[in-house]
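Shown next, in C-alpha cells, is the structure this report addresses.
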C-alpha cells in the first residue's frame with residue numbers, strides 16, 4: 001500500500017490557501033455583490049475542510065443577508081443530517097427557520113390583489129429587483145432543506161404533510177424563477193455577475209428537481225404530476241451540466257449533485273450503468289483546487305470503487321480520513337465504503353473492522369450496521385470469529401431492537417435486516433446462507449464486483465461451496481428452499497457478469513421454477529425476473545427483456561425492498577424503451 005500522509009505535512013498550496021483566508025475582515029455593510037463574494041470565500045474554506053472558519057465568516061451576517069443565512073444554515077443542516085443527533089437536527093431546523101425569515105424579509109411584498117393577479121399573469125422580471133429575485137431562489141433552497149429535516153425530526157403525519165407542502169412550494173418557486181430567468185434572457189438582461197449567480201441558482205434547483213423526479217417509478221410520478229410536479233431526466237441533467245460549467249457560487253453544488261447521481265443513485269437505485277467518465281471530468285478541476293478537501297477526495301475514491309480499482313480507492317479513503325478531524329461523520333462515510341471495498345475482495349476480517357467502527361461511532365442506522373457486522377462475521381471460520389470476541393447469534397438478536405423510523409416509515413434495509421435476523425430468535429437458530437454476499441447484492445454491489453473478473457470468479461467459488469453444502473444437508477430446515485434460491489440468484493448474477501449467459505439463465509430459471517417452495521424470502525422472485533430481463537438486454541433481445549422486467553414490476557407486491565426494485569425497474573425500462581438495443585452488448 002502506498003504511503004498516506006498523516007496530515008502533519010501539508011502542501012505549500014494549502015498553507016498559502018490558509019494564509020489568504022486567515023484574517024478576513026468583517027464587512028461593515030452587506031449588499032448582494034459583497035454577500036456573494038464573502039459566501040464564495042466561506043464555500044472555499046468549507047471545501048478545504050475549514051468548516052468552523054466557514055461558519056465564522058457566515059455567522060455575523062446570517063440574520064441580515066440572504067446568502068449568509070442560506071450558507072450558515074446549510075452547513076448546520078448538513079452536519080445534523082450526518083450526525084443524526086436529535087439536538088443537531090433541532091439546531092438545523094431552528095437555524096433554517098431563521099434563514100427562511102431572513103429570506104422572507106427580502107422577498108417582494110405583495111398585496112392580496114397582486115397575489116390574485118399573479119395567478120393569472122406571472123409577474124415579470126421588471127417587477128422584481130435583483131435582490132428580490134435572489135431572495136426567491138434562496139428561500140426555495142431553505143424551504144427544501146427544512147422540509148427534509150422535518151421528515152427526519154418527527155414521524156407524525158402532520159409533519160409529513162407540512163414537509164410535502166414545503167417541497168411543493170419550493171418547486172413552484174423554482175419554476176417561477178426559471179420563467180423569470182428565461183424572460184430576462186429574451187430581453188437581454190443577463191449580463192451582470194449577479195444575474196449569472198441567479199442563473200446558477202435556477203439551474204441547480206430546476207435541474208435537481210427534474211432529475212430526482214424522473215427517477216421515481218411511474219406509479220409514484222403519476223400521482224405527483226396530478227399535484228403539479230413533473231420530471232424530465234435529460235432536461236434535469238442538461239440544467240445541472242450548464243450550472244456546473246458556469247462560475248456561480250452554485251457551480252460546485254451542481255457538480256456535487258451530478259456526482260451523487262452518477263456514483264450513488266445510478267448504482268443503488270438504477271441498473272449500475274453510471275457515467276463515470278463525466279464524473280471524473282467534473283471532479284478533476286476541484287481535485288486540483290482542493291487536493292486535500294475531504295468531500296472531493298471522498299468522491300474520487302468512490303469513482304475508483306465503481307471502476308473496480310479497489311486498492312486505489314482504499315488509499316484515497318485513508319487520505320480522506322486523515323485530511324480532517326473536525327467532521328467525524330465524513331470518516332463514517334469512508335468506513336462504510338471501506339467495508340464494501342473489503343467485502344468485494346472477500347477480505348472479511350478487514351470488512352468486519354470497518355463495520356465494527358460504524359457500530360461504535362455512527363448513529364445513522366444501527367440496525368443496518370449491526371446486521372452487516374454479524375453478516376460479515378458469518379463469512380469467517382469459527383476460530384477467526386473467536387479471536388474477535390464477538391457472538392454472532394447475539395448480534396443478530398440485537399437487530400430488531402435497533403430499528404428506527406423516518407417520516408413515519410421504517411427504513412427498507414432495516415426492515416430487511418430485521419426479517420433476516422429472525423432466524424436467530426429461536427433457541428435453535430438456523431444460520432443464514434451467505435448473508436454478506438446477499439447484502440452485496442441488495443446494494444447492487446455485483447455490478448461493481450463484476451468489473452473485476454478475478455474477484456467475480458473468487459465470489460463464484462464461495463457461492464458454489466455454499467451450494468454444495470446446501471445440497472448435501474441431511475436434515476434441511478424450513479428455510480432450505482429459500483436458501484437454495486438465494487444461492488442460485490447470486491450464482492446467476494456472477495455468471496452473467498462473467499459473460500456466461502446461458503449458465504446464468506439456467507440459474508435464474510431454477511429460481512423461477514422453485515417459486516411455490518419459497519416460504520420467506522419472496523423478494524427473490526421479482527428480483528430474479530428483473531435479472532433475467534437484464535440478461536436478455538445483454539443478449540440484445542429487447543422485447544424479451546421488457547417482458548421479463550414488466551413481469552417483475554406487475555406480478556409481485558408486498559415483498560422486501562420492493563421500492564428499491566421498482567426504482568431499478570424504472571431505470572431499466574426507461575433505458576430499454578428510450579433507446580432500443582440494436583446489437584448485443586459485449587459481456588464484461
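Using the three backbone atoms N, Cα and C, a Cβ is placed for every residue, glycine included.
Residues 1-2, 4-7, 47, 49, 51-52, 79, 82, 256, 259, 263-264, 267, 274, 276, 279-280, 283, 286-287, 333-334, 337-338, 340-342, 344-345, 448-449, 451-452, 455 of the same chain lie 6 or more positions beyond the ends of the repeat 'TPR 1' (294-327) yet place their CB under 8 Å from a CB of it. Per Swiss-Prot, the feature repeat 'TPR 1' maps to 294-327.
Among the features that Swiss-Prot reports, repeat 'TPR 2' is placed at 485-518. Model confidence over the repeat 'TPR 2' (485-518) stands at 98, taken as the mean pLDDT rounded to a whole number.
Per Swiss-Prot, the feature repeat 'TPR 3' maps to 526-559.
With DSSP classes pooled into helix, strand and coil, the tally for the repeat 'TPR 1' (294-327) is 27 helix, 0 strand, 7 coil. Counting residues per DSSP class in helix, strand and coil order gives 29 helix, 0 strand, 5 coil for the repeat 'TPR 2' (485-518). Secondary structure of the repeat 'TPR 3' (526-559) per DSSP (helix as H, G, I; strand as E, B; remaining residues coil): 26 helix, 0 strand, 8 coil.
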